[in-house]
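Student: What follows is a single structure, and I will ask about it in a moment.
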Amino acid sequence: MNTILAQQIANEGGVEAWMIAQQHKSLLRFLTCGSVDDGKSTLIGRLLHDTLQIYEDQLSSLHNDSKRHGTQGEKLDLALLVDGLQAEREQGITIDVAYRYFSTEKRKFIIADTPGHEQYTRNMATGASTCDLAILLIDARKGVLDQTRRHSFISTLLGIKHLVVAINKMDLVGYREETFARIREDYLTFAEQLPGDLDIRFVPLSALEGDNVAAQSANMRWYSGPTLLEVLETVDIQRAVDRQPMRFPVQYVNRPNLDFRGYAGTLASGSVKVGERIKVLPSGVESSVARIVTFDGDKEEACAGEAITLVLNDDIDISRGDLLLAANETLAPARHAAIDVVWMAEQPLAPGQSYDVKLAGKKTRARIEAIRYQIDINNLTQRDVESLPLNGIGLVEMTFDEPLALDIYQQNPVTGGLIFIDRLSNVTVGAGMVRELDERGATPSVEYSAFELELNALVRRHFPHWDARDLLGDKHGAA
């Protein structure tokens, strides 16, 4: 057993007390990103090593791997702790997104180590989508590079408000303060163009030598700020979803027998209580919450992030992909939207193309109407393009086959974020973040016969996994 873990368990008075203490620690999800070879994997390895999160057998294996694949001479190559793929070790780079977990006495952490090469930018966007904070590594010898700008923009585009600019490899520039100050000034000049109200901090460090990672550096006495670990332990993460209106995307209709009908999913934002009036979109039908069922039994109230099953007092038509919200909330379904897109496919995105899109539990089709612009990552300017290439980022106008209950992504990432799926290969080809909503033509002018409506209701009630569209909502809209 890890000696530090054993000591923590002993200090808490046993395994059970230690596990209870762990449950009450706050959780910080963060990612490391930046240009290739800036030392992202080495930094994570250093964090794990210096917080004593590495077991003895892992340390022994690391010594052996450093001899075979290491790039640091006689020193331990800490990057090998997270570069797990054979291709990564052979090339000395990160390709896939690697997740690692560790904890200190103050906080629990989930780390996403993302690739630095431009051709793996799509992997980086995947890692950033669930994080609260981004560590942007900059090689002290190279300064701010294009990929640094790209990752900064993607991080903020995906809603990350806390950026820690870690100026790495200070040992290779003699730990000079003027180098740190110059890069800091360059990045702040660039950051003026980034969207949102950002919390940006700067830490000079050496991941290889351990300077200012978990302990203060004796080589940079001119720096009086916190270490990287201290920043991670103390940064105040205010999750906006806790303060947002209630949103509950239905992922599954749970009907184990004739006496029970519940709607399972994860509460995306806000809270819900037993007895609360709720509304179902896109139909607009209202009911009230009879029970909140969880793995641990019934609850009176549930908060954002909890996986629950809601039982309603009325037997109404709800299927996978529908959205439940408070009855007094207004959210008009929309068929047209402007979407910030990170394109991840070799074939460019162009007007006239159609893709399947998935939003929370809802899956439908969408058509690309126009590309307003592509972002030039070098200077964040907008330029006109006819198509969006691989790793391109731009604003795209889309029309959905049916009205969707959408939020602006910056307000609610779950109900404002979607993915593009190729209809032939079923491969995810892009990620989208809702920027603007256009409610015109939210409901198509289509008339259905009484038989069609009855058959549709029957299919939706007894075969919810078919994801049949609610034709009744279309009829009301047409009327």
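Glycine is treated like the rest: Cβ placed from N, Cα and C.
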Student: Among 92-96, 327-331, 387-391, indicate the range for which Swiss-Prot gives the feature region 'G2'.
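Tutor: Of the candidate stretches, Swiss-Prot labels 92-96 as region 'G2'.
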Student: So, three-state DSSP: helix, strand or coil for GLY34 (GTP binding site)?
Tutor: strand
Student: Summarise the model confidence on the domain 'tr-type G' (25-239) as a single mean pLDDT, whole number.
Tutor: 81
Student: Could you check what DSSP calls MET170 (GTP binding site) once collapsed to helix, strand or coil?
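Tutor: The residue in question, MET170 (GTP binding site), is helix (DSSP, three-state).
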